[in-house]
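Structure, as structure tokens:
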Amino acid sequence: MSADAWITLVAMIVTVGVLLLDRYPPVFVLGGAVGALMFADVIDTDIALSGLSSPAPATIAALYVLAGAVTATGTFANVVDRLLERKNPVVALAAATASISSVVPNTPLVAMFAPRVVRWSQRHGANASRFLLPLSFASILGGVVTLIGTSTNLVVSDLLEQSGAEPLHVLEITAVGLPVAVIGIALLATVGQRLLPERVAAVDSIDRRGREFQVAARVVSGGPLVGRTIADSGLRNLDGVFLALVERGGSAGGISGSATDDDAAGDSPTALAASPHTVLLAGDVCCFVGEVGRVVDLHAFDGLEPLEEQHVASAQGAGTMMFEAVIAPASELVGATLKSVAFRGRYGGAVMAIHRADGDLGGQLGRRVLKAGDVLLVLADESFARRWRNHADFSLVAAVDESPPERRSHSLLVVAATIGLIVVATAGVLSLFEAAVAAAIVVVAGRAISVSEAWRAINLNVTLTMAVAISLGGAVSSSGLAAEVASLVANADSLGLGDVGLVVVTMLATLVLTELLTNTAAAALMVPVALSVAADVGGDPRMLAIAVLIGASCSFLSPVGYQTNLMVYGLGGYRFTDFTRVGLPLTLSTLVTSAIILPIAYT
């Protein structure tokens, strides 16, 4: 290998290692790799900036504006309720989600649908875990039906164009993506439902606990609970919530980790069993476990004050509401505590409770080490969602009781703009970039979404990650590393497997990288290699590019491989193995379907 190829290989190994740590956002890691290669004179500034000059990031930004208009107008607001009331709700929800996500980016779509699924389940005594994982998987499947389904598709198309080939057409991947989606949905509705762990349905409002949150409240000095036993106080007979333990002595710890928490000092508290005969003293901290709605009701219990009460009591009037925020893998909150990051001062909200999928939570909220996928119940003003919805620290921010949109009359405009985008781009009247920008202009000019809302709807983290990923893909190709790796991958052709073997090897390599890294990073690394393989063995470059596209987009084996999976991970109370159990049949079906159809389509 050349010196440039060796340097690039080292840079890629370091990049993969840093990404595996999940400590830094992918945009910084990939961008750092591009910068290092530029300063090492492996690539010039044209390649380093090729991602920023590419139309792909701007295209996905325009699509996010369109998705923001969908949310702002409530275009599909009532769809979830109607779908879940069907005879086979999983099939209905999955089919509709896949259809919509084929033309709307799946991340904002799941962010809009998931909270509605949870609220519907709570109202109807159902278990949200039955629907949330199929929702995420269906959105991923729908993303490979058309070119505009996911940002990864656009990255692959752009790298293909940089190689000198024509970019992918809007419906070019439909021939393989649609069968993959249909078979995947069928598996979700049959095998998938049986593989998901059995959950207890809500037949009794007292026994039903659903997704459990933990919250702590202090016994008020001079209040009616002081000197009474737990049995006499009524704290053992609460509806939907139970007292887990009582902490006595030491500092309160603080729920939100605001500045005042740092002033608290004292020894560690003593944990007391919440027996009926335990006598409550002033300052005792009662740790409760229960459903989100019941946990919030503790605020009204006479004689108790949530530990954050002294900080937010004055703000609990008009304009404040409860939000659920899911911590993202690269969030600065991962590995920290609410106290250490001064959550209230930094984020403008008070964490009233925390839910973790594996239930491994102990101690007071302010001292708990946070993990990716944790769901925070946050009391904040109405601007909290606008400020943090697309931030890298959170995968999902949604109001617990979201008010209906005020611009439903503009829904038809949004639908027309979406259909128009597909028609004019498919017909070749406008390029995909031009059509997406035109659709975004239409919904803004038609007041379906305001200019400020449109700006906030754009996920800059995703957009910039796309840009640096495209630049990194160019570096892998121009340095000669792709050609060197391709010579190894091309050995699959010597086994006599032909195009089928090439598709399988390419997809398997991409699938592994996607689960280890991110879908965008996997695509950026694999497309140059796939194109070099095609050149070496005489295969069709478009066939292998689409194999990379599907392999990078279809992440079903873990909750951290794809953002929509992480969104539902905490909300549904899933365990890591739930994704592997249900996702393995989907991964195999995707691999087999693609290996059959792609060689036929490009022979």
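Any Cβ shown, glycine's included, is placed from N, Cα and C.
Residues or ranges marked as domain 'RCK C-terminal' in TrEMBL: 310-394. For 5-21, 27-49, 61-80, 92-114, 135-156, 168-189, 462-482, 502-531, 543-562, 582-602, the entry in TrEMBL reads transmembrane segment.
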Residues of the parent chain within Cβ reach of the transmembrane segment (168-189), under 8 Å, 6 or more residues beyond its termini: 88, 90-91, 94-95, 98, 102, 134, 137-138, 141-142, 144-149, 153, 156-157, 160, 422, 425-426, 432, 542, 545-546, 549-550, 554, 582, 585-586, 589-590, 593-594, 597-598, 601
Per Cβ pairs under 8 Å, the stretch of 5-21, 61-80, 135-156, 543-562, 582-602 packing most closely against the transmembrane segment (92-114): 135-156
Non-local residues, at least 6 beyond the ends, that sit with Cβ under 8 Å of the transmembrane segment (462-482): 1-2, 4-5, 7-9, 12, 15, 25-27, 30-31, 33-34, 37, 42-43, 47-52, 54, 56-58, 60-61, 64, 107, 151, 154-155, 158-159, 162-163, 518, 520-521, 523-525, 527-529, 531-532
Contact set, same chain, for the transmembrane segment (502-531): CB under 8 Å, 6 or more residues outside the stretch: 12, 15-16, 19-20, 26, 30, 150-152, 155-156, 159-160, 163, 462, 465-466, 469-470, 472-474, 476-477, 481-482, 485-486, 489, 492-493, 537, 539, 541, 543-545, 547-555, 557-558, 561-562, 587, 590-591, 594-595, 598-599
Interface-richest range of 5-21, 27-49, 61-80, 543-562 toward the transmembrane segment (135-156), CB pairs under 8 Å: 543-562
Non-local residues, at least 6 beyond the ends, that sit with Cβ under 8 Å of the transmembrane segment (582-602): 133, 137, 141, 175-176, 179-180, 183-184, 187-188, 191-192, 195-196, 498-500, 503-504, 507-508, 511, 540, 542-543, 546-547, 550, 554, 556-558
Cβ-Cβ under 8 Å with the transmembrane segment (61-80): same-chain residues at least 6 beyond its ends: 93, 96, 100, 104-105, 108-109, 112-113, 116-117, 120, 148, 404-405, 407-411, 413-415, 417-418, 421, 433, 436-437, 439-440, 443-444, 448-449, 453-454, 456-459, 462-463
Overall pLDDT for the domain 'RCK C-terminal' (310-394), taken as the rounded mean: 75
Within-chain partners of the transmembrane segment (543-562) [C-beta distance under 8 Å, separation at least 6 from its ends]: 22, 136-137, 140-141, 143-144, 149-150, 152-153, 156, 159-160, 168, 172-173, 176-177, 180, 329, 372-373, 499, 502-503, 506-511, 513-515, 518-520, 522-523, 526-527, 530-531, 533-534, 568-569, 574, 576, 579-580, 582-584, 586-587, 590, 594, 598-599, 601-602
Chain residues outside the transmembrane segment (27-49) and at least six past its termini with a C-beta under 8 angstroms from it: 4, 7-8, 11-12, 14-15, 18-19, 392, 461, 464-465, 468-469, 471-472, 474-475, 478-479, 521, 524
Chain residues in Cβ proximity to the transmembrane segment (5-21) (below 8 Å; excluding those fewer than six residues from its ends, i.e. six or more beyond): 29-30, 32-33, 36-37, 40, 42, 472, 475-476, 479-481, 484, 516-518, 521, 525
